[in-house]
Amino acid sequence: MQTITNAWFVQGMIKATTDAWLKGWDERNGGNLTLRLDNADIAPFEADFHQKPRYIALSQPMPLLANTAFIVTGSGKFFRNVQLDPTANLGVVKVDSDGAGYHILWGLTNEAVPTSELPAHFLSHCERIKATDGKDRVIMHCHATNLIALTYVLENDSAFITRKLWEGSTECLVVFPDGVGILPWMVPGTDEIGQATAQDMQKHSLVLWPFHGVFGSGPTLDEAFGLIDTAEKSAEVLVKVYSMGGMKQTITQEELIALGKRFGVTPMKSALELYK
């Protein structure tokens, strides 16, 4: 009989967290990852659930997520250790019927709790559910090195950073035509940064936290990971270009328009019209 540790969603979390650590995005206990599940995903594994699931109240009610299950990374847990002991480092939680709190159904052993960024994740899930008609299921936060570096040297403006990332790699406009949001620096792990992130998630699938990291969303673990990976690759190119003296030539506005038409995407207007 298959156990929950062999379920697709546990194995998927193991792969995503391991890949992110190998990328260098999630040092120590940095980063967090949540995946929204259907009841049908977890129903076959009820025998593996805790006999007395712990209940934790949310800092604010989230009725849109009522009766919804998630698999989440734990607070203070190292991504590099998820593959070694998923039961200690991951947890399946289910929001209660009025969205006021959640039960820990599986995992997070030894009184562990979900990531401290759970407010930002849950608020962002709410916005991405509305923005994508329920298609987006993953929220991923990590410390992508080159994206962080760019927030020190580029103007921290959504349209400007979006345009530069589009220019850093041709595929970027195709992968994230909705652009990149960016917040002012804020204290992590608070409702305030969660609300600000969620507000930008209404318009963008990527949101930068300057001098800290990035939030990405997507319909699957692969898509969310790939989104961040694509932006980070462009950021790496830009870091090298700026270190070599800056751009001598780049992808033009006309070429970006042609790219959008070819792949049937609508580029973020403010970034496209920033300059020729």
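Using N, Cα and C of the backbone, Cβ positions are placed for all residues, glycine too.
The active site annotation in Swiss-Prot covers E117. The feature Zn(2+) binding site is assigned by Swiss-Prot to H141, H143, H212.
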Candidate with sparsest Cβ neighbourhood (10 Å radius) among H141, H143, the listed binding-site residues: H143
Largest tally of Cβ atoms lying within 10 Å of a Cβ, found at which of the recorded positions E117, H212: E117
Env. residues of Zn(2+) site, Cβ within 8 Å of mean position of H141, H143, H212 Cβ: G30, G31, C142, A144, I148, P188, W209, G213, V214, F215
Rounded Cα-Cα span from the residue listed as 'active site' to H212 (Zn(2+) binding site), Å: 13
Distance [Cα-Cα, Å, rounded] between E117 (active site) and H141 (Zn(2+) binding site): 9
Secondary structure at H143 (Zn(2+) binding site), reduced by DSSP to three states: coil
